[in-house]
Amino acid sequence: MSCKYQSNALDIPLEVEQLPTITEHSPASLIAFPFEESFPMKCEATGNPGPEFRWTKNGEDFDPYQDPRLITLDDSGTFIIPNNGNLTEFQGNYRCFATNKLGTAMSEEIEFIVPNVPKFPKEITEPIEVMEGQSVILECNPPKGIPPLQIYWMTMSLQHIEQDERVSMGLNGNLYFSNAIKTDSRRDYCCFAAFPRIRTIVQKNAMSVVVKSTSNMSVVSNSLLERKPSLLTPTGKESHTYLVKGEDLQLECIAEGFPTPEVEWVKIGFHKLPERAVVESHGKLLTVEMVNEEDEGKYMCRAKNPHGEVVHYFYVTVEADVVIKCVVKGNPQPSVAWRVNGQPLNDVPTSNRKILKDGTISIHNAKPENSAVYQCEATNRHGTILANANIMIMIVFLDVPDPPEDVIHSEHNGRSVKLQWIPGDDHNSSITEFVIEFEESQHEPGSWRELMRVPGNHHSAQLKLHSHVDYRFRVYAINEVGRGRPSQATERYKTPASAPDKNPENIKIEGHLPHEMDINWEPLSPIEHNGPGLEYKVSYRRQGNGEDWKEHMVKRHSFLVKNTPTFVLYEIKIQAKNHMGWGPDPKIITAYSGEDFPSAAPEDVAVDVMNNTMMQVKWAHVHKDKLNGHLGGYRISYWRLRSLLDSKKTHGDKHTLTFSGERNHAVVTGLRPFSEYSLIVMAFNSRGNGPGSHPVSFKTPEGVAAFSVTSIQKHKVTLTWSPPVDANGVIIGYILQYQLINDTEEQGSLMSLNISADSNKLHLQYLEALSKYKFYLRCCTQMGCGPAVSEERTTVPEASEYGQQLLGVGVSRGSQPVAFQRTGNLYNCVYIYNRDFIVYLHHFTHYVHPVGEGNWKISDALNSSKTFHIIEGLEPGTEYTVRLMTKSWVKCSQEIFLSLAGLASIHGGISNQGWFIGLMCAIALLTLIVLIACFVNRNKGGKYSVKEKEDLHPDLESPGINDDTFCEYSDNDEKPLKSSQHSLNGDLKGGDSGDSMVDYGDEDAHFHEDGSFIGEYSGRKDRVSMEIKGNNQSTA
């Protein structure tokens, strides 16, 4: 037998150095049974370097390798003790240590036990002679041995002595007879003591009991037979039990007397025992497992028979440790020193105090002498701090209050009396309230019930009572400890009879059948009858048709009205009556008679197939006159007719969904793709379902794969997918198609790839930087390919050779391009004029103010998810300065001056300056060169790159620019592709582009990556060709 450690830690490679870890060791107790051949003392450990083992015995070093009688194992700490007759000298407490250069691991202590066989002393016992009815105690006195100890009482033939309320075994092993009878006479009462850990049972010599009959005895002897109870165990009136939190509580009361006493248990101050308390051994043993502070208190056992009773009080104390913690923080970590009353802790020793590993002080079973001021002093090189803790431990006797005395009732006035009492001792805890209880002799004699409560400083109360009841009263007090014992009961007082004070409540109307109405109510309690002859008058009539009340007198608390119309409204009232008269006027309630099934089906049922697994059903409400009851809701039943791959129809399992309330639509999910279904809709009420609607058939489309685009880079993206939920066959592969779809007049060619069925990822390379692509994926079986699922993504920009990144250009209607470059953390404006200011940005705020004026206009924080910004409200003929600022307002770009259309120049006289004339000449020359180049290219059918087209025509009114989804993909499969020459199904046609610069005469304007502006302005709308770069090259 051994113990093994388990760990949830990560597995560490063997080549990594590791601390030693004990992986297996013998149990805490190792018993040397004489029939075993050997006894392994196990100790196994892991570590890197491999650990070395050593042992201690009784706290001293022990080397099993030095004892030739022991068997040792290589590369192990385990040694074996052979059973060769000299085991006693190996008895003791062992501990194993495993050590390498990183540290030492230690096993739990292992006790090697060489047991002695326990024996009962040899003795001769005289027969025990008792008179019939007297009590008997047979003592066991078992020998000492290795626990646990189990005791049994049996005969010589190994038959168990039967135990019951009269005969029982105590916790000490003795056998108790509350009163002896003739059949108890026998000569072979044997006590057996079992020690399961050493597999040993020993027997005490048999004892003899002789019970003499009292039939010929005198009357004096007969009076001894019948007697009130007395306790055989425990003795005295009270006892004290002390436990440590977590131990088990066992309280025992065994009584003698005739007739046999009954034992009952209470916890003083409570109406009942704690929930965890268990009463066993025919009521004589109370057990509470793993006690805590809540189980403390005063318990009482009461043994009673018709001649009297006897009680015993148990004072239970659950002791817990006092814990004092000192939590300090500092750098470097402070050291902590404890003092008690100003002296070092070691100078004031006490046996029940210890310091735990984390520096916490623990005081076990604290006593008043442990009261003191404890000081925690924390020190590091920066200084010292001190904290004091006042620990005051008091053992004051607190208990529940004694019973009130001299309880009397007076001032009798029909149904009202005054009750008075004198409080008992509160036992050092003030009384918080008194509880008055009553018992009546007619309906529930002997049962005490609470009547009312009054504050603890009141010693009388005016009682309001029911009529025709024979009362008696008692009072008990409550304090912080708990509930005290009740007082003696008063003399009886009977109130006169009267008519009922109230009528029945909680009236319920149920219609189990269409033409019935079942009326039920909560009857008056017996004490509320107020007199003899209680009856109920049930009255009912249909509401609103002028009918007279129909009345019936009944003694039960239900009435069935038959032959009612289906689901009509009735008025009902119920009144109580006894021999003294009628109760108060009853309240009228309204309710419907019995329901029937709905008689009409929903109409106008329509199905809208939302996708391949979901549909929406709509219907018209059933008219309320056809519901024949309260509408419960509607139910949809649907079933699968067939797969669209198979022409044969088969009626599948029917599925029914319930939708509560008055609604006219519902969504049904979990359908199978590419299937034909049929459904009906029906209304229901509490009676059941109405007729179903006319069946409606519908079809679901094919399933599609789950498709996503990840890891977007300048020239490469990663595509991932998973198969459709319902493939309608064995998947043989996938078709991937993609296409450049920048917002220009024409679109790129459609590229296609065939992909194997076992693939779920593809890295697509050689794409254009800062370009928008659309990707399509279709799943294929032997029957063909299903519908496509699509995604759109834009690749990231290209970096310049100088480490700067062109962030882009943008235009809007009536505006000119604007470009910004990033240099470090700053953005610089390159060029702008006309009305709208467009900024490409990243975590920046822009500032604008007219030149010469000091009031800056500050925009809101710019949306970092977009790559542009528009400044509106600029005035023509005005000069502006623009700055871009970081959100921290620490860094900004160079100031940008811009002039709107209408000004001849930015600064007066600037046209006369030489540098300006030279700049204009250079721009004119450059413009001429570009015009010539463009003309030549057009005549030769030249091609512009998609990148230039994108820079030229970002359509600001398209969804990708004007809303928050800029640069995000669209999943709208219905969006037409522009100028696509290859389609998914061979039927996609070329289309016109949306709004672009071409429509407004701004064709061919673009920026170089260094930010300089090159453009030509004409009114032509010629179509231009494009070329895309990918793993398949194609030209439009």
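From the backbone N, Cα and C atoms, a Cβ is placed for every residue, glycine too.
Computed from a predicted structure; not experimentally measured.
Straight from TrEMBL, the features:
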- 20-111: domain 'Ig-like' (DOMAIN)
- 115-208: domain 'Ig-like' (DOMAIN)
- 229-317: domain 'Ig-like' (DOMAIN)
- 322-392: domain 'Ig-like' (DOMAIN)
- 403-498: domain 'Fibronectin type-III' (DOMAIN)
- 503-596: domain 'Fibronectin type-III' (DOMAIN)
- 601-699: domain 'Fibronectin type-III' (DOMAIN)
- 700-799: domain 'Fibronectin type-III' (DOMAIN)
- 485-505: region 'Disordered' (REGION)
- 972-1018: region 'Disordered' (REGION)
- 915-936: transmembrane segment (TRANSMEM)
| request: Report the DSSP secondary-structure composition of the domain 'Ig-like' (20-111) as helix, strand and coil residue counts. | output: 6 helix, 49 strand, 37 coil
| message | Please list the DSSP helix, strand and coil residue counts for the domain 'Ig-like' (229-317). | response | 3 helix, 54 strand, 32 coil
| Non-local residues, at least 6 beyond the ends, that sit with Cβ under 8 Å of the region 'Disordered' (485-505) | 268, 400, 402-405, 407-409, 412, 414-415, 417, 419, 421, 437, 439, 441, 448, 465-476, 521-524, 528-532, 534, 536, 557, 574-584, 586-587
| message | Can you tell me which recorded stretch out of 115-208, 601-699, 700-799 has the most Cβ pairs within less than 8 Å of the domain 'Ig-like' (229-317)? | response | 115-208
